[in-house]
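Residues or ranges marked as transmembrane segment in TrEMBL: 74-94, 100-116, 123-145, 151-172, 184-211, 231-248, 260-280, 312-333, 389-410, 422-444, 450-468, 480-508 (among others). Residues or ranges marked as domain 'STAS' by TrEMBL: 536-659.
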């Protein structure tokens, strides 16, 4: 192993005041981005202005806004408005609400977001999954058609509590909670939700009047095939034609990205063509259902409709919490993705506040849940062609990046491709929707329901991302199991159960990684002083007389007992291997704790127990490369004095060198093994 050199000591960090340590921990937990650094060394008047700009980003960028920017935002706003109108009607229908509520939801929330949101690209609107959750959870206790007033009140109440939750998470800087929805979880849940949404649209496609309230595949298919005698071929033919048209425009826009606007305009074109066709042929008299009368006028106030005294208040709160978290996961990831793509920064917690405020305001103005919009996941090839971009994104961000870049009807993607420059595009969209509400709603009277079903199906097909599931199978089998568990739970049980399964599996994966951390044996790479896993590097050699173990996680109460048992097992296995190979007997156990970022009192007790067990076996425990937090605990618990400062080293190489020196120059006297006086004195002086 080469000549032995006197080891350099591992320093114990100097003590810090208690309140300084608490403040630092809180800052690292809740303010990792240090959002208040801009207020430092500023006069009070400037701090006041910066505070207003922090709360309302529009005050920061509005003074620099130019006419050139407005021209770009005008085009983008009109483009996404052409998408917002048919989608708003479609998703309100999916949520079992009046179609006009979908238009209301595309008017007030975008105005609120334009003032408080920090993203230049996010386009606000209703989304399919939240709409399905409303139908599933609230519709499970109140029938939307038998008692529409109470159902509407509960939907508004759920939206209100969703906004309260989102705002609270933003104010309390708890945005990291959203990160517990893993990539695999979202792929499975969204795919399952999309499958159910598509199946439910068979009601409109086949012209059925009565349909199941269940959201599982068995109930939906049973409802479809027990009413074969009520299928209307007129609706089916019309639906298939418009679905083919929408998928064709999507395919064309993918092949020719410059013509993205064709894909964006396709839903509105379908609504217009369908309405004209029904009006000219009087198809409503032949089994083709139409929207019917839509009331003209702006959003009526709905503050009095918030059902705080309803016996179903708990259901409304639960629905608001679930839809609020899902909406945050969608909206924040969409905004973060495009901000990185265009090289500017958004504050995730400020986005939560913006989403929360717009949902609180929306619940008081007849709007149901809205967020940053996305509708499809189908750009794996795009990411492969732009692989350098991946270094900037988390796994969840990559999923949403796949979602928004090439989604067939993603408002945010359309907004981005149309050249938006700021949140003014949301204001333009809201203005266009306002004009529609004031003057154009009678034109939607003859819009066929089957066209709305076609729009939803075309949007949802992209959410069934089988390529992502295949990729998960290739990369991580457990993630694939998580994905499929979420998908099966949503499709065959219910949306709520599927979401619970998805979150439970994600948390189980997290707990397993904490409770069962990886440990592995290190070996020496030939002709180097480098030590790596012998599983990863088969040419790495075991060091005679030593067992070098690497612990790959912090040591807490949840894993301390497992680590003690696993270390003991490694020792037994190494002793058996040494006996079978006829090698030198084991004398030293070196723990590489470089990856142990922290350790609690249970972990310290585990180390003490391991040392005692090794002393009984006549073996010596050696520590390599402990970090500052570990050294603090070692010092405070007097473990350093127990093990001896001379047995703690900066690197595995130094630890091996010292042990090798002892093996070749000193007679071993278990259970207490000391270095030669001169070497020991030098080592202690260095420490």
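Every residue gets a Cβ built from N, Cα and C, even glycine.
In TrEMBL, annotation is done automatically, which means it is predicted and not curated.
Among the listed stretches 231-248, 422-444, 450-468, the one sharing the most Cβ pairs under 8 Å with the transmembrane segment (74-94) is 422-444. Averaged across the domain 'STAS' (536-659), pLDDT in this predicted model comes to 91. Remote same-chain partners of the transmembrane segment (151-172), defined as residues 6 or more beyond its termini with a Cβ less than 8 Å from a stretch Cβ, comprise 30, 95-98, 101, 134, 137-139, 142-144, 178, 302, 305-308, 310, 312-313, 315-317, 319-321, 323-325, 327-328, 349-364, 366-369. If you look at the transmembrane segment (422-444) against the transmembrane segment (100-116), you find at least three C-beta pairs under 8 angstroms, all six or more positions apart, and that counts as contact. Counting Cβ pairs closer than 8 Å to the transmembrane segment (312-333), the top stretch among 100-116, 123-145, 231-248, 480-508 is 123-145. For the domain 'STAS' (536-659), the number of residues in each DSSP class (helix H, G, I; strand E, B; coil) is 64 helix, 21 strand, 39 coil. Residues 132-133, 136-137, 180-182, 184-189, 191-193, 195-196, 214-218, 322, 326, 468-469, 472-473 of the same chain sit 6 or more residues outside the transmembrane segment (480-508) yet have a Cβ under 8 Å from a Cβ within it.
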